[in-house]
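**Q** There's a structure below that I have some questions on.
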C-alpha cells in the first residue's frame, strides 16, 4: 500500500475537500501540511454539509487527523471550528486531532497587518485578510510564537515583546495603533489549555504510524499555481503548495509521501487578482459560474471562470511529480455544445507551451484553443465510466493526453459517492 499526497493542480478550489473525504475512507491518518484557514472546503456526507478551513477533512470520517508543522494556526479559529463541527455531531477529541507542537500561530496583529497592507496597496493581491502571509513572514524571520510556547508563559512574555518590536515599526508605517503586548499575552493564556490539549510532536506520531504500516493521506490546501515559488507571483499565497511541501510540512521524509494525486477541475477557476489567460466573461463563463456554484467557501467571493487550461495543468504535473489526477466537476460541462481546451499561449510573435515566470509575459499570454464537441446528456451522478456519453469520454481522454497524466478518479457531483474510481491511489 502507498501513502497518498493530494494537491491542487490549478489555482485552488478544485474540489480537494470531496476527494480527500472520499479517500479518507481508505486512509488511517489524514495530515494537513501547509497553509492556514484561508482555504475553505465543503464536504457533503449523507446529505449533511460540513465547511472546514483548518481542520483536516479526515475528522468528519473519524480518522486520526493531524495539523502539521507547515500549517500556520489561528488558535481562536481552530477552537471555533472544533466547536462548530461538534454542533454537527462530530466530537473533536485529542485522540482524533493532533496539532504539531512546532506549528506557528496566527495572531490578531497578523490580521491587522494583512488587512492594512491590502487596503494601502495599489496592487491588490486578493488576500483573504486572515493573517496567513504575515504569520509566515514571522516564521521565516524566526520571531513567531509557536504552539509549544503556550506551555511556557514566562518565556512567552519576552517573545511577545520581541515580536512587537518588529510589528511596532510596521504598524506605525501603516498608521495602525501600537499592539498591546499584555492583552495579547492574556488572550493566548485564555486559549492555551484547550489548544495544548491537542499538541504533541506530530512527526513522532506520523513516524510510528508509517512504520506500523498505516495508510497516510497528506492533504494540501489551495493549488500549485498559488505556490510562492511556482505560482503566478506575486499573486500567490505565502506558502509552498506543491507536493514537495508534504514532507517538510509534516516532518516525514520524502519517501513516505507516496502517490501524488493532483486535483483538477474540468474547467478553470481563480479567486482574486492575477493573470488568467483562459478566463471567460461571456455566457459560457456565466454558465460555469452558475452551474458550478463558483463562490468561495470562506470569503463568499465569486470565482473567475474559464476553459480548461492544459498548459497550466501539464506544468503542475511536472512540478508536483503527479502520478494521476482526480478530474472534478465534469457535470458542469453538461449542455455546452462546444468545449475548448487551452493548449498553448501566443505571446507577441512567439508560441509557448508553458507559463513564463515574468508577469509581463503572463499578462500578455493569449490562449490557443483546441475545440471539441460537447454533449447534451447528463453526466451528473455517474458512478461508472461506462455511464458517460461518448463525447464526455473523449474529453476525459484528451485531457489525459494533453497533461501527461492519467485520470485516476472522476467526480460527477458534490456527493461523496458520485465518484468513478479508475485507479486506486493507495495501490500506488
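Quick reminder: no glycine exception, Cβ is built from N, Cα and C everywhere.
Worth saying up front: this structure is predicted, and the values here are computed from it rather than measured.
The annotation active site, proton acceptor is assigned in Swiss-Prot to 13. According to Swiss-Prot, the feature active site, proton donor maps to 41, an assignment based on sequence analysis. Feature annotation from Swiss-Prot assigns GTP binding site to 12-18, 40-42, 303, 329-331, 411-413; the stated evidence is sequence analysis. Taken from Swiss-Prot, the feature IMP binding site covers 13, 14, 15, 16, 38, 39, 40, 41, 128, 142, 222, 237, 301. The Mg(2+) binding site annotation in Swiss-Prot covers 13, 40. The annotation substrate binding site is assigned in Swiss-Prot to 297, 298, 299, 300, 301, 302, 303.
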**Q** Please report the three-state DSSP label of residue 301 (IMP binding site).
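**A** In the DSSP reduction, residue 301 (IMP binding site) maps to coil.
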**Q** For the IMP binding residues given in the record (13, 14, 15, 16, 38, 39, 40, 41, 128, 142, 222, 237, 301), what is the largest pairwise C-alpha separation in angstrom?
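**A** Roughly 34 Å, rounded to the nearest whole number.
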**Q** Most Cβ neighbours within 10 Å: which of the binding-site residues 18, 303 is it?
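**A** Most Cβ neighbours within 10 Å: 18.
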**Q** Using Cα-Cα distances with a 10 Å cut-off, which of the binding-site residues 38, 128, 301, 330, 412 are near the residue listed as 'active site, proton acceptor'?
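**A** Near the residue listed as 'active site, proton acceptor', where near means Cα within 10 Å, there are no binding-site residues at all.
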**Q** Reduced to three states, what secondary structure does DSSP give residue 42 (GTP binding site)?
**A** strand
**Q** When you put residue 222 (IMP binding site) at the centre and draw a 10 Å sphere around its Cα, which of the binding-site residues 12, 18, 42, 300, 302, 303 have their Cα inside it?
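**A** So the list is 12.
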**Q** Count the other Cβ atoms sitting within 10 Å of the Cβ of residue 42 (GTP binding site), across every protein chain shown.
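**A** There are 15 of them.
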**Q** Would you say which of the binding-site residues 302, 330 has the most Cβ atoms within 10 Å of its own Cβ?
**A** 330
**Q** To the nearest whole angstrom, what is the C-alpha distance linking residue 41 (active site, proton donor) and residue 15 (GTP binding site)?
**A** 8
**Q** Between residue 300 (substrate binding site) and residue 40 (IMP binding site), what C-alpha distance do you get in Å?
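**A** Distance (Cα to Cα, whole Å): 10 Å.
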**Q** Measuring Cα to Cα, how far is residue 128 (IMP binding site) from residue 15 (GTP binding site) in Å?
**A** 19
